[in-house]
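Enquirer: First, the structure itself, so that you have it in front of you.
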Amino acid sequence: MIFIDDFLLLKKEAELQRLWKRRSYFQDNKIFDEVKAIINDIKTRGLEAIKEYSKKFDDYDLSSGLIASEEEIVSQARLVPVDVSNALKHSAKRIKRYHESIKIKSFKYETEESESGFKWTPIENVGIYVPGGLAAYPSTILMTVIVADVAGVDNIYVCSKPNRGKINPYIASAVLACNSKKVKIVKLSGVQAISSMALGLGIKKVDKIFGPGNDYVSLAKKYFFGEVAIDMIAGPSEILIVSDGKTNPSWIAWDFLSQAEHDKNAKTGLISNEIGFLNEVMEKVKEYSLKVLNKHIVESSLQNSFFGFAPTLEDAISISNILAPEHLEIACENPDELFDKVQNAGTVFLGSLTCEPFGDYILGPSHVLPTSGSARYFSGINVYDFLKRTNFSRIKTKDALKNLLDASLIAEVEGFSAHKKAMLCRNE
């Protein structure tokens, strides 16, 4: 953990970025070479290669079935404790209501001569990668499948690692909680899962791939970008907390650790205008880090953490805008004024009661968010990410052409004679 007593000393963006030791997936050549080798083999040998990689990495024989049957999903879901199953259903309802409230509107603009606009249509086939096996993340099912279903996607393929040939019970329960008939669970993980979705091997070729994964999954998504669309390339989880020092330091310490336990490369930071508060939270983090389940992960990720003093909370938000964190908590008495100044963040949690983990599971917006500073140009997913916008135009009458024909002069300048003639001939 790093303690910085005055952030005004950090005047360059590069110095701030080094605090979180961010790295680019585009520079991870060794892993990318491995990913490309697997993909090229799959492109050459198709399903046979996928079967071999499935056996090698997942210890699963695909001859037993690539897609989980409805009977298996129901049977596995029954293994989930009733209280957890009910919690998944409760979260699913809240997430669905949130995304249904987003109004998708087509648009039309009219002049005397013409009308133009756009309409929204759902993407037909999407793939969603969800880590499974022994460690399952059913919340990722809720935060992606429900959004796709609300958007009207026809076919939703969920790829998740099987455990001893079976879908993880919590993954199965989450799929049932989504209450969608459009979902198929594909028993694949890793590069072979992304390849199956992108190439249409064993399932329909998807048009867009969503969901987080490890370095191999992220780089496989990067490889296929262009052949299919992707949501983003996600890196390790991040949280930046801005506090006025008036929140219970124990609360902030647990918020800090909630991201630190995600991954050994997770990034955590706290900025406050109260040095005494920073010290209190730091001591609590040290104390509580000994109580978490994944101590070895937390111990590693805390090496990427910092506690920093900023003279004002406005300075703290300026620093946040440079770091562009995945998650930003504004744990202050008057968070709205500071929120107005936020430019770059994947999602923002306002007020001391609103800790980030509530957003992971139940508040409504998807927890699939931009990381590694990409909140400067990416957003968290919502229904719009599962839709396409198609433009349209219509010239109303032949008489209207005379007010539009000067466009032929631009075509002439650009050297496109057929463009010019196509316009002019309609007025002859």
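Including glycine, each Cβ sits where the backbone N, Cα and C put it.
Copying in the features that TrEMBL gives for the protein in this structure:
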type	residues	note
ACT_SITE	Glu326	active site, proton acceptor
ACT_SITE	His327	active site, proton acceptor
BINDING	Tyr129, Gln192, Asn214	NAD(+) binding site
BINDING	Ser237, Gln259, His262, His327, Asp360, Glu414, His419	substrate binding site
BINDING	Gln259, His262, Asp360, His419	Zn(2+) binding site
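Tell me about the surroundings of these features in the structure.
Expert: DSSP assigns Glu326 (active site, proton acceptor) to coil in the three-state reduction, outside any helix or strand. In sequence order, Ser237, Glu238, Ile239, Ala345, Gly346, Thr347, Leu369, Pro370, Thr371, Ala375 make up the list of same-chain residues 6 or more apart from Glu326 (active site, proton acceptor) whose Cβ falls under 8 Å from its Cβ.
Of all the Cβ atoms in the protein chains shown, 28 others lie within 10 Å of the Cβ of His327 (active site, proton acceptor).
Annotation for Asn214 (NAD(+) binding site): same-chain Cβ neighbours under 8 Å, separated by at least 6 residues, are Pro131, Gly190.
DSSP assigns Asp360 (substrate binding site) to a helical segment in the three-state reduction. Within its own chain, Asp360 (substrate binding site) has Ser139, His367 as residues 6 or more apart in sequence whose C-beta sits under 8 angstroms from its own.
All protein chains considered, the CB of Gln259 (substrate binding site) has 27 other CB atoms within 10 Å. For the recorded site, Gln259 (substrate binding site), the DSSP three-state label reads helix.
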Enquirer: Based on DSSP, name the secondary structure state of His419 (substrate binding site): helix, strand or coil.
Expert: helix
Enquirer: Determine, using Cα-Cα distances only, which of these binding-site residues is closest to His327 (active site, proton acceptor): Tyr129, Gln192, Glu414.
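Expert: If we rank Tyr129, Gln192, Glu414 by Cα distance to His327 (active site, proton acceptor), first place goes to Tyr129.
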Enquirer: Which are the residues of the chain, Tyr129, Gln192, Asn214 excluded, whose CB is within 8 A of where the CB atoms of the NAD(+) site average out, their centroid?
Expert: Pro131, Cys159, Lys161, Leu188, Ser189, Gly190, Val191, Ala193, Ile194, Gly213, Tyr216, Val217, Ala220
Enquirer: DSSP three-state call for Ser237 (substrate binding site): helix, strand or coil?
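Expert: Assignment for Ser237 (substrate binding site) reads coil.
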Enquirer: Just to verify a number: CA distance, Tyr129 (NAD(+) binding site) to His262 (substrate binding site), in angstrom, no decimals.
Expert: 17
